[in-house]
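Quick look at what Swiss-Prot lists:
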type: BINDING; residues: Ser102, Asp243, Asp245, Asp247; note: Mg(2+) binding site
type: MOD_RES; residues: Ser102; note: phosphoserine
type: ACT_SITE; residues: Ser102; note: active site, phosphoserine intermediate
Amino acid sequence: MKRRYFGTDGIRGQSNIFPMTPDLAMRVGIAVGTIFRNGAHRHRVVIGKDTRLSGYMLENAMVAGFTAAGLDVFLLGPIPTPGVAMLTRSLRADIGVMISASHNAFRDNGIKLFGPDGYKLSDDIEQKIEDLLEQDMSGQLAKPEDIGRAKRVDGDIYRYIEQAKRTLPRDVTLKGLRIAIDCANGAAYKVAPSALWELGAEVVTIGTEPNGVNINLECGSTHPAALQKKVHEVRADIGIALDGDADRVLIVDEEGAVIDGDQLMAVIADSWAADGMLKGGGIAATVMSNLGLERYLQARRLKLHRTKVGDRYVVEQMRQDGLNVGGEQSGHIVLSDFGTTGDGLVAALQILAVVKRQGKTVSEICRRFEPVPQVLKNVRVSAGKPLEDAAVQQAIAEAEAQLAKNGRLLIRPSGTEPLIRVMAEGDDRGQVERIVDELVNVIGGVRNAA
């Protein structure tokens with residue numbers, strides 16, 4: 001069933017344009033509150049946000065919805081997404097909300113929802129919310145004496161800092177490391193530098209002056225050039241780039257090279273396997289992760305469990321197969337020993353632990369495998385189903401035959417934008433580029449004909 005509101009990571013869109021309007025945010029609060037107010041106890045919700053301007057508007061709208069449904073609201077202020085997941089459990093809340101559009105520009109915003117266990121909601125529960133949003137919910141409002149209250153609990157972000165610090169092995173400190181960190185002018189602008197400094201590092205910061213409109217603006221994990229420049233400028237041992245809500249991370253080594261999530265997962269999997277910490281004999285990663293990662297793990301008798309795109313599907317696979325490491329090439333790294341969702345700061349701390357223990361440079365630690373050439377292009381579509389066209393299906397079959405066992409082909413609709421993503425990878429870059437270009441032309445031709 002096609003859903004109207006929820007995508008692969010909650011509800012997302014441009015602020016003040018459907019579905020990211022204050023009216024819908026209030027209705028989401030009522031709908032979610034209706035579903036999660038089971039039991040006789042006083043129900044509560046925690047709400048965090050990143051630093052984008054529209055966060056104030058949406059936060060207040062959701063407070064109105066939740067309190068109207070009879071839930072008390074704890075407002076955390078700017079805090080990383082994993083902090084919301086952690087505090088949802090710690091504060092015994094019935095629901096957790098993160099208001100963020102992650103790595104998107106300030107004009108966008110989104111609503112991510114966590115259950116009382118700190119995990120993102122299942123597709124079934126999201127469908128129940130969608131069903132309620134299509135109904136008249138006036139009958140679901142609380143009695144006057146049962147309306148909820150709201151209060152700010154800004155100090156609870158320090159509980160998240162302490163939780164993150166505890167994930168660094170006790171025999172490791174960060175003394176002697178010069179770390180440049182880019183917080184994307186986002187949710188981690190206070191907590192991440194504080195945690196690194198308290199663990200003993202010399203910390204150089206960029207992207208820590210949010211003004212409501214500069215989140216992810218030429219900074220953060222999607223724009224690492226600023227951090228690469230800073231690493232060179234201050235001769236840092238390592239650069240850490242977070243995104244707007246700090247649930248993803250990329251690393252810049254001492255030479256200025258960017259290290260993506262695939263390489264980071266390889267480092268953590270290798271280290272944890274050697275220490276007897278890795279569970280399930282492998283890791284979970286999405287279909288977008290490089291074939292080089294899969295080959296690297298296979299050579300070490302570890303299995304790569306592939307999932308659909310989206311960290312929520314990575315987490316589902318991890319829970320199903322008993323894995324404790326998973327993630328995405330984009331830098332979502334999920335370490336279930338420490339949390340229930342991607343956590344950029346915690347993942348970075350695990351890399352720093354390996355660097356300190358082995359006494360090697362970041363470039364020596366993090367370049368674990370040579371990525372297989374990978375080409376990704378997008379085709380914009382406004383209507384129709386071009387992937388069902390006979391000519392497109394024939395072109396896909398021919399491309400798969402060309403790649404055979406030497407590569408991979410992935411064609412999928414985007415979960416957040418009106419795009420079809422065409423990705424191929426293989427040992428022969430020229431062949432991969434030709435295949436992607438041919439498929440883009442065929443899909444684009446069908447789109448235009450429609």
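Cβ from N, Cα, C; glycine included.
These figures come from a predicted structure and were not determined experimentally.
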| Can you list the residues of the same chain, besides Ser102, Asp243, Asp245, Asp247, whose Cβ falls within 8 Å of the Mg(2+) site's Cβ centroid? | Asp50, Pro80, Thr81, Ser100, His103, Gly186, Ala187, Leu242, Gly244, Ala246, Arg248, Gly342, Gly344
| task | Would you mind checking how many other C-beta atoms are within 10 angstroms of the C-beta on Ser102 (Mg(2+) binding site)? | result | 32
| task | List the same-chain residues at least 6 positions away in sequence whose Cβ sits under 8 Å from the Cβ of Asp247 (Mg(2+) binding site), in sequence order, or say none. | result | Pro80, Thr81, Pro82, Ser102, Asp311, His332, Thr341, Gly342, Asp343, Gly344
| note | If you count the other CB atoms within 10 A of the CB of Asp243 (Mg(2+) binding site), including all protein chains displayed, you should get 34
| request: Measuring CB to CB from Asp245 (Mg(2+) binding site), give everything in the same chain under 8 Å that is also at least six residues away in sequence. | output: Asp50, Pro80, Thr81, Met98, Ser100, Ser102, Gly186, Ala187
